[in-house]
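Annotated in TrEMBL:
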type: BINDING; residues: His128; note: Fe cation binding site
Amino acid sequence: MTAECRDDRAQEFPRINETLVGGPHRFAYTVGIEGGFLVGAGAALSTPLYKQDCVTGSSTVASLDPDLLIGEMVFVPNPSARAEDDGILMGYGWHRGRDEGQLLLLDAQTLESIATVHLPQRVPMGFHGNWAPTT
């Protein structure tokens, strides 16, 4: 086993398609931390979402609203998936401009938004999650 730095940007909450835990995988999803700590409404913090390609070493950044601070994203696989990254990323965020909690659903292949659920209150940052199908 060897250690190798693939990306020098600060990142947290790494997630993969959990059907591949314990085996080889190509894609990982992480939340970046840029601009310092959230100390007040004027803080310059941003939390970009990265899709890391562990084979090529490349990464893609989601185009999210800069006022949206996100937490851990959970990978929900498509039950009839043909590709490792065929699924949805689901997670909570806080829109600081509206002081609003949001549940985000993103296409895991493209990082494009599928839906946003606007919540009546804020969900605390750092909230962890998991997906457990009923079948």
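Along the chain as shown, residues are numbered 1 onward.
Backbone N, Cα and C define each Cβ position, glycine as well.
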Query - C-beta crowding around the residue listed as 'Fe cation binding site', within 10 angstroms - result: 10
Query raised in the report: Under DSSP, is His128 (Fe cation binding site) helix, strand or coil?
Result: coil
